[in-house]
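S.K.: For reference, the structure I am asking about is given below.
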């Protein structure tokens, strides 16, 4: 007996919402980045679960791509956070507000 | 290819002038502008068209080339002239030449840019009157805005920035409204129309009209489009209450730009009204005749009242244009040969007379650096010739017989008095009261500014105006009198083009 | 034609050429990271972009991608349909290549005294490669990869002025919003996959048309909405636009030009392709209960309104252009909003035309800002006062860009904007809500006229507020600006071929 | 006389040429343009006399010369096309008027040599150009063969009056008076133009004469009982006739449009002579005579004309009594005299009206030129209280002026008596049957007394008694150019009455009413434009007291008695060595008359007190409400803009939140719409 697909979806949605919650509340750039990773992984759960459900591998393969790209994104992100720290002496994302309105 | 030649000369001339040294730009531009003027006069002489351009008339100097294929519709390079547009083209070319000459004195910085823009505007104005494809026409129509914006903005008076942007935005919004309405109309006309050529659209309108669109009945759609287009053009004309950009733009614009603005740009609105609303929608004209006539009367009287309250000479002339344009609307809505013909005649006539007035006021301003009637008195003492022309122009504006203004107004009044809509005689009589008011404010201004003992509040030595300031005004005065004495010089041509319009529902 | 004998993958040549150029520059960067041979680097990059452009144009006229019934060579599928080269793809490859060429030429001067030159160019070209690939991507996988390929270098490019707080802040914001948006986008993909079981666009469409996703309508709808989020981010549409003002303002001007023109165009091409290919309107509506065009109608209205209104009172020129860019995204969204079950190729074609013209006029405008940054005259409208007395040619070009952006003839922007307007009205015949879009266009147009002419006023009408030294005339920037200006002007009389190409491409994909 | 008429256009053309010559070359000409002017008006006079002779030989001329424009316009009575043309109509009336106008114009030109040139005025080319244009316009108006052409030249006459009244533009008063003259007459012309347009739109023609004239068309319409513009034909004819009458009242300075005329004295006196005697003011009355057939169709209009005329005659005469300025007295006398003409025409006395028009032209020109001579004598002093005793120092001026005064006062046998008496007689016989006309007659009769009084008050104050100022003691000399016109006109003032000695004719039965025969087409005439044709149309009943002779005697006796009483009173009061003003004894009545019955005040109030504030209010409305709306839209947009850009707070977390909120909003909208949450 297999677990119904809806539970996977609920799980992934929960994960997605947790990530989103992190994005909205965390001011530390790194926490922000991690929260985004959570959201990406929520998508991965979906993809893999649905790949299983539909019986094809497309989703799983795509999940691999997602992970790879997430890594690349983190790399770029970390670079930016680095220069952020160099310029603002902080990794709080709410600090840089020189440009607004 | 004559129209193309006109446009090419003006456009290339604009470019050449733009890069020419400031020192020679004025003379160069004048020399260049003589070419279109001469060409258009030749075209006037050689005119062999008949009928109305939109209504199966024989076009003069026609050319049509497909330009863009939009799938269901095509856009063409389609130009040609009929008895309505040719006089306006001639008006444009002549007025441009004269305006250029009258700029020699007042324009003393960035001359090459100034004259380049003037020539550029000339090209677009010619295009507006010659184009017979909606998109082509609309390009010229909108392209006029840029040079005028810059002319007002760069060389204008103290409030030039406000005036320029107001003119720019206000008239552009109106154009968008009108554009949308026209597109809706073309879409509503369905498969019968495959291009934006105005004759084709007009033909489809008159032979069945639009199908429904947006869930509207065909006739409702036509009415909506009619009203929307009327509002769009009403700003350009301008008609009260959409007129407030006009006094600002006219007053702040440098004299030559005012000349073109009042002389030709205002005619774009009435010309378009004639070409679109009053040619394509005979039924709606009939339905809305009374409100439109009321608007016309209000424009006449209200504009005149506003002029009466002004002390700035240019502002007076500007508001009086509102009044004069009211006559044009009245003539159009009359839907009679004399009404519409007179309205077209008034477009030309008002172009000449208001041009003359702005030039004369400009000459006085050049000498005194003020335009307030309260700041001066007895200018006739120091500049008799210029003042003489100003007085002549003022009387022209008042509709003095044997000047073109009288002919135009008489045609309009006569045409409107016998018009078919309700209370036409009453509306006409009310509008005619404008001839008293116009005399009131112009004579009052003259009395204070140019007559009486000499006095000037500004610190300038007033001397006689140079010949090149005076000469253009003499030319204009000559044309004004010629048209007043012999209106048939153009009126026959105009009525020939007006008659087909009336066959579609108007009563002769 | 010789092309026919070439293997299928060569159809991707425009993108591949960019990829190769990017890699060459990357290698060069690895070898000599501190090279300041500007001519070589900018030349290579611009050369690559121009070759890519030339090839794309050649392909277009040779008939690559043109349906065989029209006498063309037919669409070319690569990698089992993961990528497809059709007229739409080529059209947008051209747009991307044009913008890339312009900004690489302009960067020649902009990057003077700048370190990491090679890195900069390689990032530009790599991002361009991503955008070019986005044009050809035909599966949600390739779309996502291409999108990230375009995005990741973009983040870095925005932040490339590492010691400039504005640049870094811009990079940060762009990146953070970008990361969030791509997370949403991927989640959307996963939902669509969940509902249909496929990632390739035609297959998704087949499932939807077959009606096999009963019961998952809501899921599919949510997925589609999340996909829209991803596109909205790329095209800087509300509410995913928040990164744009800062990113465009903080980034080096050529990068701003690049992002606001090319990146936006690339965002639109995937939106066009996904929504026309994968989610046929009628069938999708039957499943999700609502026409997805309504989402775009709302987005179009809100986007153009937010963009133009926020632009109207800006003091900073670059920020004004940034908001105006958002406004233009709203205009282009009409191309999607106006689609109907049985057509809409005209409105979509109009949006495509607009994006092409926008590639010239907006790029030019941002490059002029770059020129002003180079002159160090300042950033606000007031700082620009009276520049025309010192640099009439550049200012004339800027006036051309601004009037064209405002949609005033005789410039290219006029036609595309009015075709969009016309398309909106045409679509209103089917969807009355489109009338609201048309109305919003009118209002926003008026407002945009106000702020564009404000800049013209500053340049041409105002007197200089301070005395300035003689202004330099950097060759590359000037060349790029003038080319853009000339193109903006001559594209109006030469609009016929543009219309033909865009409409054919749109017809092929819509029909 | 065959072919004489082909030279008719030259009559108007001569002065036009003089206008152009004076305007362009006047500065370099000897006498600054006077010579061409004199030559041109002399030419016009000769040609006019030739025309007169031609008409006398039994020919008339009615020819369209130039088509101004033509077009399609369905008229109310059913014709389809309409031609607007310039043409010449020379019938007895026009020929007579041509002679009068050109004669007076010629004399005024000659007089100007003495009045303007000799006084060293500047701007003379402008002056002579104005005179030339004035003469041209009037002559063209006189022989216009249709209403539109008449209107056109009517307006040009107005322009010329503006230019000439404002000749001394460096003063404050002259431009103001010129403006007033033009504005008031323009107000009248407003109605006139409506009338022209209405007549053209109604009948499809504006011709005065012939089968296709609007008069004939109107008659047909009335006979057919047509409905025109929603009125029955009779009413519509009345309405249009009254509209045209508006122009007449304005130009002929009839109540309530008379206010401009006294102010117009700001112009040179020669101009006043021309305006009052032969051109502008005469134009109004002439127009009524010209289209008398049309008015004859409408008894209402005729009665109004008569009543307004009678009222104006009395009204103006009472004001003339209290004026101190010699030209002012003459100005009010002009208004009054034109009132008589209107009265005459209004009671159907076509011949009487025209007769008085002619006589008045002569004696009023004489009086103005005489006044001009006095002003020369007095070194440009116009206040009669500073004159006196000029009788002996300037006998020519005195006797010619006296002749004019006698004619004006209506003392037998001077010309004015005959024509005025005929008018009053015609009014009386109609008045016996029509109460309204009787009232008009009574006013006209009362005015005779005042006329006699103010005329002789003027004569006595100016010429009799002791000199009351240095200028009067040592008057300036005057030359032949002044005297010759005075003598010419003096003789005419004495003898012109011979033209139509109607009372004599009626009493003795002699056939000596030459003018009546002339106007009745004994010689040449255009059909329908004759006295008897009009007589058939006019629907007045006439009565007599006893016999016709007795009635004539009563009428003549009454008016003579009153004229002598007025003159006698003036004799008593002012023909003393040291006359004193009696105005104070008149009390408030005198004040009111002095102030012109506050007519100026209310009209100025209409212009300045009502129209200007309304205009200013409109301007404020325009600036605040209408322009305010436009600017308000812009302000609101920019306010919206400043609000909109605040969304961009600069804090990236807020962006994320807003982004998500926006997304959820979109989701909710679409989800609810699509039913995803069910």
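Placed from the backbone N, Cα and C atoms, the Cβ positions cover glycine too.
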S.K.: If TrEMBL is the reference, give me the range from B:385-403, B:404-422 marked as transmembrane segment.
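M.R.: Here TrEMBL associates transmembrane segment with the stretch B:385-403.
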S.K.: Which one of these stretches, B:258-276, B:448-466, shows up in TrEMBL as transmembrane segment?
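M.R.: In TrEMBL, the transmembrane segment feature sits at B:258-276.
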S.K.: How about the transmembrane segment (B:114-132) and the transmembrane segment (B:258-276): at least 3 CB pairs under 8 Å, pairs 6 or more apart in sequence, or not?
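M.R.: They are in contact.
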S.K.: Does the chain bring the transmembrane segment (B:288-309) near the transmembrane segment (B:221-246), so that three or more CB pairs sit under 8 Å (pairs 6 or more apart in sequence)?
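M.R.: In this chain the transmembrane segment (B:288-309) contacts the transmembrane segment (B:221-246) - 3 or more Cβ pairs sit under 8 Å.
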S.K.: Using Cβ atoms and a strict cutoff of less than 8 Å, what residues sit near the transmembrane segment (B:316-335) while being 6 or more residues removed from its termini?
M.R.: 237-240, 243, 246-247, 250-251, 258, 262, 266, 269-270, 273-274, 278, 282, 285-286, 289, 292-293, 295-304, 306-307, 310, 341-344, 346-347, 350, 354, 357-358, 361, 397, 408-409, 411-412, 415-416, 418-421, 424, 427-428, 431, 434, 437-438, 441-442, 445, 502, 505-507
S.K.: May I ask for the residues of the chain that lie six or more residues beyond the transmembrane segment (B:221-246) and have a Cβ under 8 Å from a Cβ within it?
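M.R.: For the transmembrane segment (B:221-246), the far contacts come to 163, 166-167, 170-171, 173-182, 184-185, 188, 205, 209-210, 212-214, 265-266, 268-270, 272-273, 276-277, 281, 283-285, 287-288, 292, 295-296, 298-299, 302-303, 318-319, 321-322, 325-326, 328-329.
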S.K.: Across the whole of the domain 'NADH:ubiquinone oxidoreductase chain 4 N-terminal' (B:72-123), what does the mean pLDDT come to? Round it, please.
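M.R.: Average per-residue pLDDT within the domain 'NADH:ubiquinone oxidoreductase chain 4 N-terminal' (B:72-123): 92.
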S.K.: So how many of the residues in the domain 'NADH:ubiquinone oxidoreductase chain 4 N-terminal' (B:72-123) end up helix, strand or coil by DSSP?
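M.R.: Each residue of the domain 'NADH:ubiquinone oxidoreductase chain 4 N-terminal' (B:72-123) counted once, the result is 32 helix, 8 strand, 12 coil.
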